[in-house]
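Asks: If you scroll down you'll find the structure; I have some questions about it.
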Ligand code: NAP
């Protein structure tokens, strides 16, 4: 099966923070892969901007080293890498000063799409937006890409939206949530809205509950100081898990277009009930396996920041009344996995008797590792011996179904950057969505802060604090096992 790659129009992409960690790990390797795939046109140019003094040659060495580090040897070739590197240049700019903007302006070509990736600390988003405007570098057709975190509460997100809105129209602003760029996440929409099978069952009448798990094995390590001001709720739930919940819970949009999709997601966020304290478990990892505890990582012996959170959320609308969503995310857990499980209800009556046991259909949507979907169905166990039932997976792992090319699906960042160039905002968060998500999150965090709520300790390599299990057990449900 041959996938079609349609080249995008020629562009000038400026990466502010082009020498930083994100640029080196994701953005530059991603752009190289799109070049290799024939999606980035010959005329495209990438300009990195950061404070340090580098000339083009030095930056190209940085970019080459990054690509060699983050793309396996078998997946790159010298000729295309040389060609790609030639398309890179560098400008030294202090985002908060006046130097460097004139040289950047001179580099920009007429007649090209202009995109500006803000891969810098959020405090610099405003100053960059302002200067791009002041120096006449960005015009009404330019696009800006804004990284996370987008604010740390409703007030700061609103302020950031207002600052960006002074210089850019909403149609020019691309707020990244890289979870939305994942192949499976988009496939979730294809499966829901491209088939008649699922949608009739996709409601409280047939779905018992939904679980969303994003588990990491790493701790906060070198990011301790940053993370300690954030925590799992701000860092993961308000954005990534909330976006996944929206895609599962939303009504079918009338069209697959940016505002139709985002309107539906916004309605979901607005339908979330406030979460009561007993519906949330916060956790913090202890030392173990030769690794320090969260508090040591954060260099804050009295830290009350959570590295784990599990919660039950009710979506208050006709479709979902009575079907809870359980969300869970944490660091230093037993495996690295991101998964959504739609757990359907039991058949209304078992004709096979009690000895056949309890069987449920579960649709599992796996974001990592091994992106794919699996539908658990109940069949008869083969052989004599009566009607014994067994659950087997109908496996929709893309690589198996679509051939080896499906294994090589673009990374989320690659896809999203190409969407920016195409001017397609469907997979980016709109300003009102981000604010609505903070409006829901803020009271939860404020309640913790007011009560000096201490997270429950948990051992590394586990599924989190015991109380998180209880969150489900007391309602006769259980979490799916966290495994690779
Ligand atoms: P980083 O490694 O600290 O890099 C920051 C970049 O910004 C460097 O290129 C730095 O170069 C440049 N910079 C710093 N101050 C500047 C200034 N005043 N003017 C111009 N350039 C300046 O940060 P990062 O990890 O790449 O993160 C970048 C953004 O992406 C942040 O918003 C972060 O929250 C977000 N993000 C990162 C990741 C990740 O995995 N790294 C994941 C999700 C989101 P100079 O020091 O030479 O100026």
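Note that Cβ sites are derived from N, Cα and C of the backbone, with glycine treated the same way.
Caution: TrEMBL annotation is automatic and unverified by curators.
Keep in mind that what you see is a predicted model, and the values were worked out from it rather than measured.
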Asks: 17, 18, 19, 20, 21, 22, 23, 24, 148 show up in TrEMBL as binding NADP(+); which entry in 45, 51, 114 does that record put in the same site?
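Replies: Record source TrEMBL; matching candidate: 51.
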Asks: TrEMBL has 178, 182, 216, 235 binding substrate. Which one of 75, 312, 331, 334 is in the same site?
Replies: 331
Asks: Determine, to the nearest whole angstrom, how far the Cα atom of residue 331 (substrate binding site) is from the Cα atom of residue 51 (NADP(+) binding site).
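Replies: A Cα-Cα distance of 33 Å.
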Asks: Can you tell me how many other Cβ atoms are located within 10 Å of the Cβ belonging to residue 235 (substrate binding site)?
Replies: 24
Asks: Given residue 51 (NADP(+) binding site) and residue 235 (substrate binding site), what distance in Å do their CA atoms have, once rounded to a whole number?
Replies: 27
Asks: For the region 'Disordered' (450-484), give the DSSP counts of helix residues, strand residues and coil residues.
Replies: 10 helix, 4 strand, 21 coil
Asks: As a check: which entries in 19, 178, 182, 235, 331, the binding-site residues, place their Cβ less than 6 Å from an atom of ligand 1?
Replies: 19
